[in-house]
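Novice: Following this message is one structure expressed as structure tokens.
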Amino acid sequence: MELLKERILKDGIVKPGNVLKVDSFLNHQMDIPFINELGKEFKRIFADAPINKILTIEASGIGIACIVAQYFNVPVVFAKKAQSLNLDGEMYTTKVESFTHKKVYDVILSKKYLGPEDHVLIIDDFLANGCALMGLIDIVKTSGAVLEGAGIVIEKGFQHGGDKLREQGIRVESLAIIDSMTNDSLTFRE
Ligand code: 5GP
């Protein structure tokens with residue numbers, strides 16, 4: 001998506017450890033008219049899919065997912081990073097290794113909000129090694145819901161999480177895929 005690529009080139013900042021900061025428009029301050037355009041684009045891409053629920057993970061996915069959901073007219077459910085696990089059978093649980101915080105989280109989602117009747121679109125801000133997405137996919141599979149695909153704003157293609165998931169037959173659609181990035185150059189996959 002050209003608009004997104006231009007914005008990344010203009011406002012993105014490459015940090016050590018292969019981290020791209022997009023805090024001025026996506027991850028800290030949120031540019032709502034701009035994110036609306038991302039929402040429209042996801043709706044265009046997934047127009048053929050019978051999506052009735054959007055799933056994301058806290059925290060940075062939530063705001064984006066809510067804006068995207070308005071174009072699908074469906075609810076958003078977000079997986080929570082749990083401090084302690086209360087395994088009373090009411091929750092789906094999985095583990096996710098955080099790329100930015102280098103920590104393993106237990107992630108939970110109430111069984112009330114996802115089940116076999118659901119057709120799910122996963123939305124997230126970044127895809128790097130794919131751990132966050134794999135955790136969410138694991139929850140969708142356990143719930144018996146149908147995974148229609150994953151919509152990612154920025155994929156870091158050089159970390160290969162997206163390619164691994166596509167090889168498994170999962171529909172991963174990223175609005176911008178970065179092939180390489182350094183302090184002074186950033187290239188996108190065509
Ligand atoms: P993965 O699990 O695919 O390795 O990483 C995805 C998660 O890590 C995303 O949900 C996002 O929050 C965070 N993340 C990964 N890479 C970046 C990055 O370069 N910049 C930012 N801001 N977040 C990232």
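Backbone N, Cα and C atoms are what each Cβ position is placed from, and that goes for glycine too.
Copying in the features that TrEMBL gives for the protein in this structure:
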{"type": "BINDING", "residues": "LEU20, ASN27, LYS156", "note": "xanthine binding site"}
{"type": "DOMAIN", "residues": "53-145", "note": "domain 'Phosphoribosyltransferase'"}
{"type": "BINDING", "residues": "ALA128, ASN129, GLY130, CYS131, ALA132", "note": "5-phospho-alpha-D-ribose 1-diphosphate binding site"}
Novice: Does anything in the same chain, at least 6 positions from ASN27 (xanthine binding site), have a Cβ under 8 Å from its Cβ, and if so what?
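Specialist: Spatial neighbours, sequence-distant, of ASN27 (xanthine binding site): LYS21, SER60, ASP125.
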Novice: What is the average pLDDT across the domain 'Phosphoribosyltransferase' (53-145)?
Specialist: 93
Novice: Have a look at the binding-site residues (ALA128, CYS131, ALA132) and report the one with the fewest Cβ neighbours inside 10 Å.
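Specialist: Counting other Cβ atoms within 10 Å of each of the binding-site residues ALA128, CYS131, ALA132 gives the minimum at CYS131.
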Novice: Please list, in sequence order, the residues in the chain of GLY130 (5-phospho-alpha-D-ribose 1-diphosphate binding site) that are at least six apart in sequence and whose C-beta is under 8 Å away from its C-beta.
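Specialist: For GLY130 (5-phospho-alpha-D-ribose 1-diphosphate binding site), the qualifying residues are GLN159, HIS160, GLY161, GLY162, LYS164, LEU165.
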Novice: Sort out the sequence-distant neighbours of LEU20 (xanthine binding site) for me: same chain, 6+ apart, CB within less than 8 Å of its CB, listed by position.
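Specialist: Those within reach of LEU20 (xanthine binding site), by Cβ under 8 Å and sequence separation of 6 or more, are ILE8, GLY12, ILE13, VAL14, PHE126, ILE154, LYS156, ILE178, MET181.
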Novice: When DSSP states are grouped into helix, strand and coil, how many residues of the domain 'Phosphoribosyltransferase' (53-145) land in each?
Specialist: 29 helix, 35 strand, 29 coil
Novice: If the 5-phospho-alpha-D-ribose 1-diphosphate site is taken as the center of the Cβ atoms of ALA128, ASN129, GLY130, CYS131, ALA132, which further residues of that chain fall within 8 Å of it by their Cβ?
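Specialist: After dropping the recorded site residues, what remains is GLU97, PHE99, LEU127, LEU133, MET134, GLN159, GLY161.
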Novice: Would you count the other C-beta atoms found within 10 angstroms of the C-beta of ASN129 (5-phospho-alpha-D-ribose 1-diphosphate binding site) for me?
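Specialist: Neighbour count, Cβ to Cβ under the 10 Å cut-off: 15.
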